[in-house]
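Chemist: Below you will find the structure I want to go over with you.
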Amino acid sequence: MRSLQRIDIRKLITTIIMLIVGLIFLLPFVWMLVTSFKFENDVFNFPIEWLPVRWNMVENYREVWMGQYPFLLYYLNSMKVAVLTTVVSVIISSMAGFAFGKLQYAGKNFLFVLILMLYMIPTQAILVPQFLIFKSLDLYDSHLGMILLNSFSVFGTFMLRQFFIGIHPEFIESAKMDGAGYFKIFLRIALPLVRPAIATYAILRFIWTWNDYQTPLIFIRDKALYTIQIGMRQFADGEGQFYALTMAGAVSAIIPLLIVFLVAQKQVIEGISVGGVKG
Amino acid sequence: MAGYMFMGPMLIGVIILVLIPVLATIVLGFTDWNFVAGFEQAKFIGLDNFTKLLDDDIFLTSMKNNFLLLFVVPIGMAIALLLAIIINSHVYLKDTMKVIYFMPYISSVVAVAVVFQVLFHPTFGPINQFLMSIGIDNPPKWLSDINFALPSVMFIMIWVQIGFKLIIYMAALQNIPRDLYEAASIDGANGWHKFKKITLPMLSSTSFFLLIIGIIGTFKVFDLIAVLTAGGPSNSTSVAVYYLYDTAFVNLKSGYASAIAMVLLLFVFIITLIQWVAQKKWVNE
């Protein structure tokens, strides 16, 4: 058995080297975190104080969360938009993925190629018409509009299609023989079988929506509707830069993602591997 | 029938939010128009926007920068592949390593951008303080230096993307049958030979996938540029999508912006075509 082998010294040394490289790789995050604990005047002290000499952690975070800007409101807005986008997008993408993966109908291949091509388009290229359409539909400057913009995901559709294809046809045939309609087959048989893939996609969609800067930048004007990515910039754009506060805001913005990712890292990494390698 | 019912919501969304806007962009590209003014004010001006683009220095710089950004793709892939090979077979704690390198990918672009703004700060940023402390008197001004701003942006892009590429390469490496390497060892092949004759060819379809995704991705870089440099200094980090945004939403020249969008769509279309042709030709499944 391989796993019972003694510890390999060369492998151990490589591991240590790679951990050091990894730590250097993550230094920007370490710096962000440490700076968020410092007094503004100490931010640029050199040599870098990797452990703050004077701590101002509580004050910084209190200022971010309860100070001049309604950070908590931005947070709740982000949470609302990210959760609802994820839910709507999972429903739409899993239905479309099921249709592409398991159903036969005229024009399927054409639709597939069409949607694949639309996926290649940089979203910025169609911002002007999208903006006009949203204005005329009264979706501009609303969370509903933001949610709709990110809900029709081609990526999600393709990813879930890969997994639906993998379902053995017999499962579906035998359900049909028992007289089940397509919706019942979808809900009762297909969806439960691809649950891990749906979880992966949901996590990715949540992360991407949470991090989305472009959509609120263009489609939101009312400050009460700001999400965290836009809100965070106010520390940098207002009167002068407040670096310690900006970093405290940045840390606050990353923490929910970090939690989601650490809890579900296996799902995320496996989902990306499968989706990516199968193409 | 059932097929269309399941496709329905997706199709309606894609038609309204993507297909119609693409067609509208193509029409608007031939007009002189400011969208605040209302449709009546739109003036059809034929190819004027496109001839103007050819003389527009900012546009040409932006396109040039887009091409320079392409270097990010192979460099990032090479680093990711190297790390993937090391992590895949030469270390313990594989899962921890994956999580470490994936961190930047899941982090907020805005947060990453503000951190690097400070790290790269020309006078009191930690990077330059360090460089000055080891005796480099005039370190580059990084993001505020015309010559160093784009490379700095590229560095950050590579850093953010490494984890994604790494994970995909690791999955692909695990799919290569072990006995290929064993047979090669028996034939006396060394590590470099095995890499060249087995690993690289077996990874060709994965590499191709990463290359295409990466190239398309470089045309979509907006958030990072918008927060980090806003295209500056003096447009040295402007890219097509950023200039498009600036033209459409800051300078309110909708017709001209749509012409930029058309050029962008054309490039993406060409890349997609090349992908289809190349995939048939080179990639062995």
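Even glycines carry a Cβ here, placed using N, Cα and C.
Pulled these from TrEMBL:
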DOMAIN    A:75-264  domain 'ABC transmembrane type-1'
TRANSMEM  A:12-34  transmembrane segment
TRANSMEM  A:72-98  transmembrane segment
TRANSMEM  A:110-132  transmembrane segment
TRANSMEM  A:144-164  transmembrane segment
TRANSMEM  A:185-208  transmembrane segment
TRANSMEM  A:242-264  transmembrane segment
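For each feature listed, report its degree of burial, its nearest neighbours and the pertinent distances within the displayed model.
Modeler: Using a Cβ-Cβ cut-off under 8 Å and counting only residues 6 or more beyond its ends in the same chain, the transmembrane segment (A:12-34) has close neighbours at 48-52, 247, 250-251, 254.
A Cβ distance under 8 Å defines the sequence-distant neighbours of the transmembrane segment (A:144-164), meaning residues of its chain 6+ beyond its ends; these are 81, 84-85, 88-90, 92-94, 96-98, 100-102, 115-116, 118-119, 130, 134, 190, 194, 197-198, 200-201, 205, 208-209, 212, 215-216, 219-220, 227, 271, 274-275, 278.
Note on the transmembrane segment (A:185-208): residues 82-83, 85-86, 89-90, 93-95, 98, 102, 150, 153, 156, 159-160, 162-164, 167, 171-172, 175-176, 257, 260-261, 264, 267-268, 270-272, 274-275 of its chain, located 6 or more positions outside it, place their CB under 8 angstroms from a CB of the stretch.
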Chemist: Restricting to the same chain and to residues at least six past its boundaries, which positions have a Cβ under 8 Å from a Cβ of the transmembrane segment (A:242-264)?
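Modeler: Residues 29, 32-33, 35-40, 43, 56, 60-61, 63-65, 67, 71, 75, 79, 199-200, 203, 206-207, 210-211, 228-229, 231-232, 235-236 contact the transmembrane segment (A:242-264) from elsewhere in the chain.
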